[in-house]
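Enquirer: Residues annotated as domain 'Globin' in Swiss-Prot, with sequence analysis given as evidence: 2-142. The phosphoserine feature in Swiss-Prot is assigned to Ser4, Ser36, Ser103, Ser125 (among others); the stated evidence is similarity to another entry. What Swiss-Prot lists as N6-succinyllysine is Lys8, Lys12, Lys17 (among others). What Swiss-Prot records for Thr9, Thr109, Thr135 (among others) is phosphothreonine, and it gives similarity to another entry as the kind of evidence. What Swiss-Prot lists as N6-acetyllysine is Lys17. The phosphotyrosine annotation in Swiss-Prot covers Tyr25. According to Swiss-Prot, the O2 binding site annotation covers His59, on the basis of sequence analysis. Summarising the annotation, Swiss-Prot assigns heme b binding site to His88 and lists sequence analysis as the type of evidence.
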Amino acid sequence: MVLSPADKTNVKATWDKIGGHAGEYGGEALERTFASFPTTKTYFPHFDLSPGSAQVKAHGKKVADALTTAVGHLDDLPGALSALSDLHAHKLRVDPVNFKLLSHCLLVTLASHHPAEFTPAVHASLDKFFSAVSTVLTSKYR
């Protein structure tokens with residue numbers, strides 16, 4: 001999915017507003033994912049998946065850091081996320097549908113923390129961005 005110049009502006013502006021909360025929001029989005037879609041827990045059998053878990057928060061920070069990298073490379077997502085795509089496709093073998101589930105929970109988390117900024121245009125831009133990231137992360141599955 002191609003991001004328009006307006007989408008790129010919206011994504012960058014939103015990520016700037018998130019600032020130092022990206023890791024926190026990543027952890028919260030993972031908690032939402034595990035609660036809403038329990039089958040996603042199967043990829044983390046060694047984690048304490050209880051609310052507020054340090055392991056979930058740490059992995060949420062990894063997710064947020066990867067998204068921050070993607071935001072910094074909106075014109076070359078495949079290049080920026082190539083190693084992560086290899087990891088998820090070849091080593092972790094994450095079912096691609098899980099990226100959509102996490103993307104949804106990321107949108108909910110961001111909307112709950114920034115309701116005034118979460119306009120329909122921003123929502124659409126972030127949805128397209130998360131979809132583009134998901135597409136890149138699943139590109140090596142073929």
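Cβ coordinates come from backbone N, Cα and C, glycine included.
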Enquirer: Cβ atoms within 10 Å, counted per site: which of Thr9, Ser36 has the most, among these modified residues?
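Expert: The most densely surrounded of these modified residues is Thr9.
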Enquirer: Rounded to the nearest Å, what's the C-alpha distance separating Tyr25 (phosphotyrosine) and Ser125 (phosphoserine)? Just drop the number here, would you?
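Expert: Here the two Cα atoms lie 18 Å apart.
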Enquirer: Spatially, which candidate from the recorded positions Lys17, His59, Thr135 is nearest to Ser36 (phosphoserine), comparing Cα atoms?
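Expert: In terms of Cα distance, Ser36 (phosphoserine) lies closest to His59.
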Enquirer: Quick one, of the binding-site residues His59, His88, which Cβ has the fewest other Cβ within 10 Å?
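Expert: Counting other Cβ atoms within 10 Å of each of the binding-site residues His59, His88 gives the minimum at His59.
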Enquirer: Given Ser125 (phosphoserine) and Lys12 (N6-succinyllysine), what distance in Å do their CA atoms have, once rounded to a whole number?
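Expert: Ser125 (phosphoserine) and Lys12 (N6-succinyllysine) have their Cα atoms 10 Å apart.
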Enquirer: Kindly report the helix/strand/coil residue split of the domain 'Globin' (2-142) according to DSSP, in that order.
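Expert: Across the domain 'Globin' (2-142), DSSP assigns the residues as follows: 110 helix, 0 strand, 31 coil.
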Enquirer: What is the interatomic distance between the Cα atoms of Lys17 (N6-succinyllysine) and His59 (O2 binding site), given in whole Å?
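Expert: Per the Cα atoms, Lys17 (N6-succinyllysine) and His59 (O2 binding site) stand 21 Å apart.
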